């Protein structure tokens, strides 16, 4: 006779084992109809699952995040149902939940087209209208194999092979279609009405490019139509802001098939890149960092010592010369230790902060590449701080403050922080981990910012802090990291002479603020929709003449602004002034300076903004002062 304790503390007793759905019905018909699943003693279960003993129960509905994820997972199964009806020879692979949606990987003899995706979506809607129950059957392993063998689902059989210890598995039946899953899933298709398929792409079995290619169908699903409509609106806005489209339109960069994952920077884009690099160089110099430069190609032996060859070789570009193996560096850390190791250091020289705008290359799968956001060749604003254990907290606190200041300069004030602590498998004593975690937590507390604790999510060699930016669309981008490392200095024999004249290994703080220049520029493009603040804009002002008579004065203005350190250019083409204004407005130039006969006579410029505001006529010196103030505010004018 189980007694069920509900979240409000109330209890309900039953004469026999009772399902989650039955408990919901005992509370009310409305709740029963809204029940997606249950959480029994903290564990998610299906609505049909029986509770045989006393337990706590939370009814999960579409309003709960867990309920929304279950809806998305069940929508993936619905994709399978529709695909098998439309394309009977297709073989289903996996269909997990992802951020804001789901996907299903499918093996089929040809690539799916947009017409196929529309047909699949239409069939899914027809299946939902049938309002059928989703039936769960916990099935013995041998019978599961029989089911998928009879259906020629080769990939499902491979997945069963991957779980040799599982003697029974959950099979979920959508009418004639069956899928395998740990669950839980929705009890009925009525919960799946607010969905949309979003895109198609290729994928590889087990994510390995050496394996066969699959079709991936992406979709999104929400609790109701209103949420779905809001999401679609966000996606449409995001598509308008796609950095690939804006980058092409503004002439910033391009990518091409002959160099997958590599960026061709155009003059305007490289100017933007240089602004970022010069800004970060100044910031780091002012905060005690020493800039270095290390080799691109390094012998295999160093990567073996660091552990990268054993754990990361598949992601490294390698080459051979004179019977020696080399790798193009995927990260800068081992090389920075080599710089530290040149000459024995004293504790008086610590902390030592070594920074590099380090060009790295990683052999990312081609299917994962995305514009300049996910590339194979990139540059990090990388630095490593070598310090004593006693200096960990102060260095961490200083880095947190520096990082938040940098983000504010770029217009980002909504920052999410996560602290990841010790995993089960780790190096270093518990006492050292206690001190390291305490140092990071205290540094975060001193910044006065809330953070999410992620127990067990740290690296085996130390805890870490992650910094994520929220952009104008509410999207979260993980950029900065602060990673404590007790392991690499030992592996690569980094030492210093301590106060008692003994040799000790320093603690190594891996840190980056932007992450990679390429990805951060992509984020900036989408956040500002290409309309960068004046300090970042590749061209800050364009001087336009109305007729040829004003050309000489326009060139004088350009020269004056350039000598004052501004990025200005003249447009002296024989075009109507309205045409020129429109063109440079579309190119997102912050300030448009128009010169006619009156401006030449008065030695002024008529100033307009790209938003269309008329700032009136002013002397060139006054405009230069105005522009200097706009530049000095950096990205803070809209955030403070």
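Backbone N, Cα and C atoms are what each Cβ position is placed from, and that goes for glycine too.
Sorting each residue of the domain 'TGS' (1-61) by its DSSP state yields 14 helix, 24 strand, 23 coil. Taken from Swiss-Prot, the feature domain 'TGS' applies to 1-61.
Annotation source Swiss-Prot lists region 'Catalytic' at 242-533.
In the three-state DSSP scheme, residue 384 (Zn(2+) binding site) is classed as strand. Its own atom aside, the Cβ of residue 384 (Zn(2+) binding site) has 28 Cβ atoms within 10 angstroms in the protein chains shown. The Zn(2+) binding site feature in Swiss-Prot is assigned to 333, 384, 510.
In this view, residue 333 (Zn(2+) binding site) is surrounded by 19 other Cβ atoms within 10 Å of its Cβ, with every protein chain counted. Summary of the Zn(2+) site environment: with the site residues 333, 384, 510 set aside, the chain residues having Cβ atoms within 8 Å of the Cβ mean position are 331, 332, 336, 337, 382, 383, 483, 485, 488, 508, 509, 511.
Long-range neighbours of residue 510 (Zn(2+) binding site) (same chain, six or more residues apart, CB within less than 8 Å of its CB): 333, 382, 384, 481, 482, 483, 485.
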